[in-house]
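Taken from TrEMBL as is:
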type	residues	note
COILED	51-128	coiled coil
TRANSMEM	401-429	transmembrane segment
TRANSMEM	449-469	transmembrane segment
TRANSMEM	539-556	transmembrane segment
TRANSMEM	568-592	transmembrane segment
TRANSMEM	604-623	transmembrane segment
TRANSMEM	643-662	transmembrane segment
TRANSMEM	763-787	transmembrane segment
Amino acid sequence: MGSLFRSEEMTLCQLFLQSEAAYACVSELGELGLVQFRDLNPDVNAFQRKFVNEVRRCDEMERKLRYLEKEIKKDGIPMLDTGESPEAPQPREMIDLEATFEKLENELREVNQNAEALKRNFLELTELKHILRKTQVFFDEQEGGLNTTTESMTRALITDEVRTGHSMGPVQLGFVAGVISREKLPAFERMLWRACRGNVFLRQAMIESPLEDPSNGDQVYKSVFIIFFQGDQLKTRVKKICEGFRATLYPCPEAPADRREMAMGVMTRIEDLNTVLGQTQDHRHRVLVAAAKNLKNWFVKVRKIKAIYHTLNLFNLDVTQKCLIAECWVPVLDIETIQLALRRGTERSGSSVPPILNRMQTFENPPTYNRTNKFTKAFQALIDAYGVATYREMNPAPYTIITFPFLFAVMFGDLGHGAIMALFGLWMIRKEKGLAAQKTDNEIWNIFFGGRYIIFLMGVFSMYTGLIYNDIFSKSLNIFGSHWEVNYNKSTVLENKYLQLNPETSDYLGTPYPFGMDPIWQVAGANKIIFQNAYKMKISIIFGVIHMIFGVAMSYHNHTYFKNRLSLIFEFIPQLIFLLFLFFYMVLLMFIKWNRYAATNKPPYSASCAPSILITFIDMVLFNTPKPVPEGCEVYMFGGQHFFQVVFVLVALSCIPVMLLGKPLQIMKQRKHANVQPITGSDAEVGMSNGQPAAHGAGGHHDEEEMSEIFIHQGIHTIEYVLGSVSHTASYLRLWALSLAHAQLAEVLWNMVLSIGLKQEGWFGGIMLTIVFAFWAILTVGILVLMEGLSAFLHTLRLHWVEFQSKFYQGTGYAFQPFSFDAIIENGSAASSAENE
């Protein structure tokens, strides 16, 4: 059977490579992506392995590339991505790559340091320019006759000597000027007042435009200040406070002529700096543009080199130090392809000794490898999210391709909503190459895009079930013409809110609607929900029982493949009988009831005589006597029903002890006869491929288990199956419940939103309808398609994981993770993007 239905057959191989050919051979295997290497040095420290220096060199090159990438992204320069993957460079090319990256990094760091120094100088000159300009205003006020401020300032700063009565001579005030961050200014002013006890005078003015911080490029708002004081003691104290608040002090001459001369010099230097800064930025831009053309390819090359040396560290060296020995898992079908790749690597390296690939005998569980394509990949991911399949057990993915969108559609049955979903999925499929090339980091979008084929199939299946339900945005399509002729007049239809259809009358023409539901049910307000509920509830149980029987049937293929005779006899057969004789019989009763009873029939097969399937099933299981029925009706649906029901229940109940005790007792009997602990009977022949066991969890590996553990395990398994058969059957009623909820929400949106716009008339009605339609469309897409779609998706996922897969799927394996350059580069790119963010 192909890999789609079972995982690929795997084998453990031993690989012998010449030292000079090992690099090229591993490079070819990385391009192929079909070999999973094992670590033959698990106890050796990572820093003591043979190729640790090469890995360190690759780490250093990758660090330099990340630095270049960060600088390129900072300048918004687009990086060229051809979509092609260059081959892994030869080891001798590492020296050239290292030299190139070293030169680029040093040049870029030097340019950045020069630019930062220039920007810092530019910032200082700009701040000095603002100081000279703002302080000039302060001094102009004093010279222009506005001496009130100066007089009050002088009185405030008068010395203690003057206060004591000495003659007051001319007071000489000192001052300092500087720039401080605007948010620090209030605290700075308070600290000056408190520390200097009010003996200073502060004037400040805001710098309107923000200044660039040269260290990080942030825009900072600052203010110019000038502080007047008297005496050296206050001067020292003021400077310490400025230093504590990281305020920058600048020299400011007292003479107006000196200030004007300094201002002119500052403006000249600023113009020169602008010229130099522009040239520096142009040079930096040219360096980054040149690097951006090759950066993607450099990343790929370095990651490939690093991956090769990391893989070579998993190998063992033979005693002659000339041969590397590796062990690897490979798919049996791809051994010839792998040997061809090894031959290519040997020829490329120029080695004369061919590599040797030997298959090994092992009892270790192989990894699980399901070969997928872009269509089956998403469905396989749904299965693997529950648990990776045990080696070579039946794979539910191919069956899920059909059952998953179908069960989803049963809950999401609406032609309109399904069309929206199908068109969205089809758009992603048609544009998948362009969308995949964008490589966005948006997780929600990546989930949608990864499941594009699932979304498309769910939409198509929902359109089909929407036709069956005859439901499109809560309305019906009259394709074939109604098979009812209701004789209601206009006033009855418009005024009576509780119209109902009665199939006993001549209103029903006697033949069913050709496909799906008759559109007349859309106006049957009184019994529409009753009719649809009965229909959807029964088909939910029918689909659920068939789905579970199919799951039990899948376990038959597992037991026969692994030659697990005990599980086949004492588990599969009683499980199938239990499910068929109880729950499938209930499904048969539904079909019998649909076929025999009708509103137009006469007793004993009239609708009033039809028994309840649920009550009949409960009476059957509890051996209850059926309740009396109306006159003219029959208790049972067919002759001999009571006898068959008693037999079915007794046989189903007798299956429980068989499931509970049959397998453990048989194992005990075999151990007693053999006086050892073997694998049971033909279970010893577990379908080994090259000495490999098929799967421990597949059912037959009990040689090391205690009998008490076997009894407990079998008891848990039996109780879980018996009780689960009841709960799982009821669990499928979610198909009915969510279908009802979806239809009712769609009807509420139509009646309470869109109908408001449809009832308006005239030009106002056109405007109102446009607004209301937009609101209705947003709610339809947001609530009914997205939220209801997600809800139905999760419920469908649960039905597959729990109700279906629990019948045959163990999911205790581990995934095949081959050495693949594509996967390594993809993961490396994602990690690099996350680090940059």
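Cβ coordinates are placed from backbone N, Cα and C, and glycine is handled just like the others.
Quantities reported herein were computed from a predicted structural model and do not represent experimental measurements.
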Exercise. Which stretch from 401-429, 539-556, 568-592, 763-787 shares the most C-beta pairs under 8 Å with the transmembrane segment (604-623)?
Worked result: 568-592
For this session: Give me the mean pLDDT over the coiled coil (51-128), rounded to a whole number.
Result: 91
Seminar exercise, completed: Near the transmembrane segment (539-556) in space but 6 or more residues beyond its ends, with Cβ under 8 Å, are 394, 396, 399, 403, 407, 410, 567-568, 571-572, 575-576, 579-580, 583-584, 586-587, 590, 725, 728-729, 731-736, 799, 803-809
Problem set entry | Proximity of the transmembrane segment (401-429) to the transmembrane segment (763-787), 3+ C-beta pairs under 8 angstroms | yes
For this session: Using a Cβ cut-off of under 8 Å, list the residues of the same chain at least 6 residues beyond the transmembrane segment (763-787) that approach it.
Result: 414, 417, 420-421, 473, 742, 745-746, 749-750, 753-754, 756-757
